[in-house]
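Enquirer: Found this in TrEMBL, in case it helps:
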DOMAIN    54-256  domain 'Neurotransmitter-gated ion-channel ligand-binding'
DOMAIN    264-456  domain 'Neurotransmitter-gated ion-channel transmembrane'
SIGNAL    1-27  signal peptide
TRANSMEM  257-278  transmembrane segment
TRANSMEM  290-310  transmembrane segment
TRANSMEM  322-344  transmembrane segment
TRANSMEM  442-459  transmembrane segment
Amino acid sequence: FQQWGAAQTKLPCILLLLNITWKPARQNNSHPLSHIYKKNHDITKTRKGKTDQLLRVDDHDFTMRPAFGGPAIPVGVDVQVESLDSISEVDMDFTMTLYLRHYWKDERLSFPSITNKSMTFDGRLVKKIWVPDVFFVHSKRSFIHDTTTDNIMLRVFPDGHVLYSMRITVTAMCNMDFSRFPLDSQTCSLELESYAYTDEDLMLYWKNGNESLKTDEKISLSQFLIQKFHTTSRLAFYSSTGWYNRLYINFTLHRHIFFFLLQTYFPATLMVMLSWVSFWIDRRAVPARVSLGITTVLTMSTIITGVNASMPRVSYIKAVDIYLWVSFVFVFLSVLEYAAVNYLTTVQERKERKLREKFPCTCGIPNTKTMMLDGTYSESDVNSLAGYTRSQIVIEEEKQNKMVIHLAMSNDSNSSRKRGLKGHVGLRIIQNTHAIDKYSRIIFPGTYIFFNLIYWSVFC
């Protein structure tokens, strides 16, 4: 027990000695360790809620806009167009993917910083602070990309300036005029506006004027040539809520014509030219000419139906309608032309049949004379017929374009009868209906060429 008591009296002395020797060493090494700690300091490893406390999110009411009750807060906007995805004539809309950025100042988000560097956050902080309520006017569908996470970026500067960026795909309405389709140009607009705040609370403007809109040089469309992008702004009035600042992204599209030349204009022109082939086919070849005419008419109907199926049901006439329907009329007239030729041929044959029945054959009559007429006759031919009686004329068809007239000369004909018949011919020459085909070979192509000259000079 005496030894244990002596040890207890010595233990405090030993601990005191160790404390005195360790303290200077710890004080001497405190400076370099603290320097290393400050250099590699990571605030994310400190206690939870450090960012919220730095921005003082919980200390303010972010349901109200900055400087509530004061002048309108200016919100700058710039846009970078990533792609123009599609243009739909049937739905009269377009789809665009873009980066939408907002710039404003909220002093409630200011924080102390020695380096004056900004802090960048993702979309989780957006739900805790005030952001502009910009929406797309006349939009049908829109969404923020979320692969692999929400494509939202929030950057806060020490003085309270905020950059808010989103990657959005929007489908918006575009009022198109198809009166010159497919030789047309369309101008579409994407409109941005604050949904709740009027111009007295929020002033929406293009941050850098015309330089606020950036486009990718690789943007292209299969059917359109993108001519230019430009920005405008104006006030929009709603009778129930008031005036709002509205921003416009305008772009002009010029349609490529080559596709429609191959798919519409060339086939229609070829069908019209094919219908002219019937003018060179024999008028008695009824199956050939009828089938050719019906085929061209049905083909033109198919072309017209195919073009209208890919277009909206507008109540006015388009340029392509004029061309197709005029071509259809030319094809239809070629069918009517053969109908007229066939009818006149039938009438001619009926009259010739009646002439054969009225005037019997003069076979065996002496002094028979034969004359070849080609549908026309001169005064000398008329005079040469004066010595023949009407009962002595018999007409027989020998060829398509010629008629054979057998004249039986009477031996007891006198000069008085010749003088009585001079100037009056009892022969009626039936004109050849094949002349209609001859005229059609010139009139149809000439008229169609003249129509094309006017059409392309007006619409091109």
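Heads up, the Cβ atoms here are built off N, Cα and C, so glycines get one too.
Fair warning: this is a prediction, and the values are worked out from it, not measured in the lab.
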Enquirer: Which bits of the chain, at least 6 residues beyond where the transmembrane segment (322-344) starts or stops, bring a Cβ under 8 A of a Cβ in it?
Expert: 264-265, 268-269, 271-272, 275-276, 278-279, 283, 286, 289-290, 293-294, 296-297, 300-301, 303-304, 307, 433-434, 436-437, 440, 444, 447-448, 451, 455
Enquirer: Cβ under 8 Å to the transmembrane segment (442-459), counting only same-chain residues 6 or more beyond its ends: which ones?
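Expert: Residues 180, 183, 272, 276, 279, 319, 322-323, 326, 330, 333-334.
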Enquirer: Where else in the chain does the transmembrane segment (290-310) make close Cβ contacts, counting only residues six or more beyond its ends and a cut-off under 8 Å?
Expert: 89-90, 264, 267-268, 271-272, 274-275, 277-278, 281, 320-321, 324-325, 327-328, 331-332, 334-335, 338
